[in-house]
Amino acid sequence: MNKVTTKTLFEKKQKGEKITMITAYDYTFAKIFDSCSVDILLVGDSLGMVILGYDSTIPVTMDDMEHHVRAVSRGAKYSMVVADMPFLSYHTTIEEAVKNAGRLIRAGAYAVKMEGCDDVYDKIEAVIKAQIPVMGHLGLTPQSVNIFGGYDLRAKEEAEAKKLVEDAKKLEKAGVFAIVLEKVPSHVAKEVQRSLNVPVIGIGAGPYCDGQVLVCYDMLGMYEDFKPKFVKRYAEVGNMIKDAVTRYIEEVKKGEFPGKEHSY
């Protein structure tokens, strides 16, 4: 099976085939997801919350991202690896944006994801001109949570919805190969999807997008601190882990483990 590329994703949109995307933060999970033929593995700055225990993505550094990109890329043979550019890694200067994007590509990412439009448009253009594929991100942009004042639904009002569609078109013109839409009304996402040639991948953006993305710890039932409406839990792995560890503790205390079959 050939590795997923930007061309693969464009062809999927043209054929009406849905794109699958899931976060991954380490080699083991990446290898499992890759074996399932997930199209895109996103090394998300959400690792700040689900891996590092922060209450937002803002404290995540380039060193954090580079470390996890290296791990995920080793486990991905089929899936495209996309890396989030963390807070303030591309907001100051064009030179800094290109340099940091290059670090993530050297670490093993195929592409980077950058949040926003107007405030960082020149940086997005510059990274693309440096021959680095960029995925856009509009709607709820978690790195701007302190500006928004929370994780509320975006583009509820007509003016904001219209601006969202305009921004998506601007990002496409800049050269992004796909756009993530987060936590916007379904009808707004539908309008964006119909307006663009590049794929639109939704998270909390309804069924009309060209693909969907979820945080792996959310959809596997492993993260209890944050339970948004848009997450479907496909398993309760957290409970399975608790049960397994509890059994292990009990067997060790009772002297039942290790048994003969586990001894040399």
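Cβ from N, Cα, C; glycine included.
Annotation comment: Swiss-Prot describes Glu182 as active site, proton acceptor. Around Glu182 (active site, proton acceptor), the same-chain residues six or more apart in sequence whose CB sits under 8 Å from its CB are His137, Leu138, Gly139, Leu140, Thr141, Pro142, Arg154, Gly202, Ile203, Gly204, Ala205, listed in sequence order. Annotation note: Glu182 (active site, proton acceptor) sits in a strand segment as assigned by DSSP.
Per Swiss-Prot, the feature Mg(2+) binding site maps to Asp45, Asp84, Glu115; the stated evidence is sequence analysis. In the three-state DSSP assignment, the secondary structure recorded for Asp45 (Mg(2+) binding site) is coil. Using a 10 Å Cβ-Cβ cutoff, Asp45 (Mg(2+) binding site) registers 28 neighbours.
Positions annotated as 3-methyl-2-oxobutanoate binding site by Swiss-Prot: Asp45, Ser46, Asp84, Lys113.
Applying an 8 A CB threshold to same-chain residues 6+ apart, the list for Lys113 (3-methyl-2-oxobutanoate binding site) reads Leu42, Val82, Ala83, Asp84, Met85, Val134, Met135, Gly136, His137, Val180.
Taking every pair among Asp45, Ser46, Asp84, Lys113, the residues recorded as binding 3-methyl-2-oxobutanoate, the greatest CA to CA distance is 13 Å. Taking the binding-site residues Asp84, Glu115 in turn, the residue surrounded by the fewest other Cβ atoms inside 10 Å of its Cβ turns out to be Glu115.
Distance between Cα atoms for Glu115 (Mg(2+) binding site) and Ser46 (3-methyl-2-oxobutanoate binding site): 13 Å, as a whole number.
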